[in-house]
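Read through the structure below, which is laid out as structure tokens, and then see the notes.
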Amino acid sequence: MAGEDCSSGAEMDALVRRLRLHRPAPSPYDPEPAAAAVPATAGDGELFRPRRAAVLVCLFRGDGGELRVILTKRSSSLSTHSGEVSLPGGKVEEGDADDAATALRESKEEIGLDPALVTVVASLEHFLSKHLLVVVPVVGILLDRQAFKPALNIAEVDEIFDVPLEMFLKDENRTSEEREKMGHAFTVHYFTYEKGIQKYLIWGLTAGILIHAASVVYQRPPDFTERRAHFKLPKLTKDCSSMLAGPAKH
């Protein structure tokens, strides 16, 4: 048993070192320096500056040695995405030093995860939500799972659970549908996970982030076609309404 623990610890150390070397692709959602430096005229309207959020992809070793990721089921009383599965996280607030600080603060507020237990190792490629929110996935390693004692903020979270990260690279328990928005075709993925009598549906933005995270961690593409959407942000605030309209749910 001691030898297994030592081997697992060495593997996690190697994973931490490798992920710290990861450099995400440049964000397509950062404002262009030239546009940000020049104020829009009164006739043009205000330049659109997207809100930013960060989510925590918190990984730990399961009892079988597999990497698992912590997920939440959002409160059924929330006004947006109520009852849906998500990663812990939220919008950037004044005083957050960086994306990792946002993800850790929100995780502590939502599920009681002490930031001192999490080793932040990487930021991943940025995603855009249907509300034109730029979402930054932050990967953290929870080395001591037993030290984490969940304390749910019931106003925001109904449940906390974990799933194997590698499931998001497999075609098992997955369905998908093709959608189109603003002339861009993309795939929405749905993963089902059962634990006892509980059945969870992980889809949309959360599924997309986890597919990407698993690809980075396991250094291989998924067993299915991913087909992500890459939308351009509006230049002016007045143009947001037309971009937000449409059938896409995430």
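Glycine is no exception: its Cβ is also placed from the backbone N, Cα and C atoms.
Taken from TrEMBL as is:
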type   : residues : note
DOMAIN : 50-188   : domain 'Nudix hydrolase'
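Across all of the domain 'Nudix hydrolase' (50-188), the predicted model scores a mean pLDDT of 92. Under DSSP, residues within the domain 'Nudix hydrolase' (50-188) fall into helix, strand and coil as 24 helix, 61 strand, 54 coil.
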